[in-house]
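What Swiss-Prot says about this one:
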type: ACT_SITE; residues: 324; note: active site, nucleophile
type: ACT_SITE; residues: 358; note: active site, proton acceptor
type: BINDING; residues: 190, 218, 223, 239, 299; note: S-adenosyl-L-methionine binding site
């Protein structure tokens, strides 16, 4: 596999290998056979980051070989969305012709959507001034005239220049509803949009008929909270990153959802608040005791749940856990399986042709 060539003929074999590997990892926990969700075989990534290599007045996208660390020129990137691939050569041609925008540019970050919007962050090893802003504005207008629904953002040390806005608005069809999601550049979003839709629909299907409220830790821009809100009386969600909280609040309003409350705090702090260890000013006006959370949803970072949060999670009758690292999931299951059993297991091929697996488990309290 190279950046410009995907081994599409090996897609089924690599998915079969992952399915077997996940099954073996989950066997000690008496998990059922996984439901397996396929990715598109190409153009599945909505985000891409490239370093920029300068060769005299020329420049091009590069990536580094993970083994040899050699640089590889990338003119097309079939793992990325068709929109990113359409913009890549057009943007580089425009940058080649503009020394102010080209000089000291070292990275381009693309963030695209199924809705047709795209944002590009240009990263520099130099200060950005008014001349840069003027040239960037001209470039943005030129590319918009060519049909790209584009946002350009300039970044340098301690500097961020946003010509118009630093986000794109995504629209995903989820179980019969169009869900609007504001996605902010340089914040976490699900990289594989088609797989994200399948993850949301799986989470909806396994929580159908739920009673009580839902608690979500690490909610990001509200990706899961908002889709799952239809299955619960109320949703209480926590997130620490300010841009993600702001995006989540926008998404609540844009989707006309009235039963979701987002609070800005770390999972560890929330654990302290729930256990009455500490009081937080941020929770004034929120009656934690009034929530009847019978399901907790967690989508933690690769490191998994810390010990305190794992113990907090055990207090809930049902745990819905999305994991981007089955190894740390298994470490957490050593604790969680003492009180809960796995009733549903899913494999989501979020990152085709790589070793990485994303999976979901629904755990229910043992009788």
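Don't overthink the numbers, they just go from 1 along the chain as shown.
A Cβ is built for glycine as well, from the same backbone N, Cα and C atoms used for every other residue.
Counted over every protein chain shown, other Cβ atoms within 10 Å are most numerous around 239 among the binding-site residues 239, 299. Rounded to a whole number, the distance between the Cα atoms of residue 324 (active site, nucleophile) and residue 190 (S-adenosyl-L-methionine binding site) is 11 Å. Of all Cβ atoms in the shown protein chains, 28 besides its own fall within 10 Å of the Cβ of residue 223 (S-adenosyl-L-methionine binding site).
The number of other Cβ atoms within 10 Å of the Cβ belonging to residue 218 (S-adenosyl-L-methionine binding site), over all protein chains shown, comes to 22.
In sequence order, 188, 216, 219, 220, 221, 222, 224 are the same-chain residues whose CB sits within 8 A of the CB centroid of 190, 218, 223, 239, 299, the residues recorded for S-adenosyl-L-methionine being left out. Of all the binding-site residues in the list 218, 223, 239, 299, the shortest Cα-Cα distance to the residue listed as 'active site, proton acceptor' is found for 299. Sparsest Cβ environment among the recorded positions 190, 324, 358 (other Cβ atoms counted within 10 Å): 324.
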